[in-house]
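*Asks:* So TrEMBL has the following annotated:
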REGION    1-184  region 'Disordered'
COMPBIAS  7-21  compositional bias 'Low complexity'
COMPBIAS  28-42  compositional bias 'Polar residues'
COMPBIAS  49-60  compositional bias 'Polar residues'
COMPBIAS  98-107  compositional bias 'Basic residues'
COMPBIAS  119-136  compositional bias 'Low complexity'
COMPBIAS  137-147  compositional bias 'Polar residues'
DOMAIN    206-457  domain 'Protein kinase'
BINDING   LYS235  ATP binding site
Amino acid sequence: MSQDGMQQQQHQQQQHSNSHSQAHHHGSLSQQGPPARQTSQQLRERLTIDTTRYPSQSEMACTPDYATPVDQQFHVDYDIGACQNGEDQESKSPAKSPVRHIKRPRHAAGLEEGSEATSQPSQSQSSGRSQGDGPSTSSKQTQSGCTFSLPPVAVPPRNKSRFARPHSPATFKNPFVTGGDKDQQHCIDSSMPKPLPLLTSLHIKFKVVKEIGSGSFSRVYRATHRLSGLDYALKRSRSPLCTDAERNRWLQEVQAHAVVGAHPNIVQYFDAWAEPDMQGDHMYIQMEMCQESLGSMASTTKDPWREPELVFLMKQMASALAHIHAKGVAHLDVKPDNIFSGVNGTYKLGDFGMATLKHGHWRVDEGDARYLSGDLLQGKTNALDKADVFALGATLYELALGSELPKAGPAYQRLRQGKIMMLPTFTTQFVNMLKALLHEDPAQRPSADAILKLPLCSKAQLAMSSVRRTSM
Ligand SMILES: Nc1ncnc2c1ncn2[C@@H]1O[C@H](COP(=O)(O)OP(=O)(O)OP(=O)(O)O)[C@@H](O)[C@H]1O
């Protein structure tokens, strides 16, 4: 075929294609392009759909056209938004309409919520619309050919209560990060619009496997994260949090635990949230799943620990405390119940329920009396990091004895003065170190950092096989 002949054939094909499109999309459908400004009269004419002149949606099978580029597709050219609440759902084109929404005056009479005009399309509305200033009454023709009007779309008045944004859940300042400025919103106050964000993610995110422990304030569950398949420890408040004091106790635990961050000898914090039940809000903390605590191990095996095992434990706990203290936090509840065995012979310090600011004048709750230093008992809170060191010394002493520490009485008082029983199976170096940790005067106790630098600690690189307690 000659060049001229080919051009002529292409021209004919083009013409045929154009006329075909126009025949199928007469009136109501238009090719996309910059929408021309239309008078209301034109719009009304276009809104009248002659369904007999183009294939119905069911004939077109409603399949989205992914092959044709979007700017070459055909689009319904009437106010889709106005029809969405009516019976016109089927007429929606899969492609976006180039015409957005036909603007209608918001102040149109009779469109206030509850007025008759919102629910009863009338002839007068249609005629009003024909003059270009009425409400949005979309008319179209049914398959039988008769024209009817869609109800006008009510534009609710800008009513404050309806359009007011819902209160966002509170975002708290973390005093462990920002310091103890009392003016900052760091704690919960019932006057806040929503004291805690009530999120429900427990059963959506987790499969609760079983309860693995409980304390005075909480129950702890083993739970599998549904997406990752990993196991976590979920700590749940024992009873619903009803008062601000209860909520703030949890908030403080969450904030302290979160700010401490990752450390090999600290139970890793992951997330925290509140969930409502019939009685109130329960608080959840998602943590690393650990093995047994030393407290529960000690209750089953009463054998005293050997020195290498204790030095190994002391080194790891001193490392955890040095990290916590460097973050400005004091743990205030170091005890065997809160030290967990992890994998490969590691130990991890957990339970930040008593944690507070190391030097700030923040809430200081007394932890377990058996591990409380004399200075804390006397209400001296200016060296809280050293109170942790005392509690570590008391923990090591208890494990060395293989028996529980006294809760009261002369033996209790003697320990607060740094006086301990003979430990014949331990080296003098170890016993002296223990006495230093339990010193009556907090200033005389070594810091956690200083403990790590002791010659005893540098010798604490035990072969894993020799660490009897963590091989479970
Ligand atoms: N991360 C964890 N992995 C495995 N078990 C855990 C974990 N955290 C806590 N547990 C188990 O749950 C028990 C209670 O936890 P925890 O001590 O944190 O609760 P509590 O209510 O703060 O207790 P307390 O009475 O000491 O204040 C622990 O003794 C331990 O047996």
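Including glycine, each Cβ sits where the backbone N, Cα and C put it.
Could you place these features in context, so I can see how deep they sit and what lies close by?
*Replies:* Under the DSSP three-state reduction, LYS235 (ATP binding site) is assigned to strand.
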*Asks:* Under 8 Å Cβ-Cβ from LYS235 (ATP binding site), six or more apart in the same chain: what's there?
*Replies:* SER218, ARG219, VAL220, TYR284, ILE285, MET287
*Asks:* So what's the mean pLDDT when you look at the domain 'Protein kinase' (206-457)?
*Replies:* 91
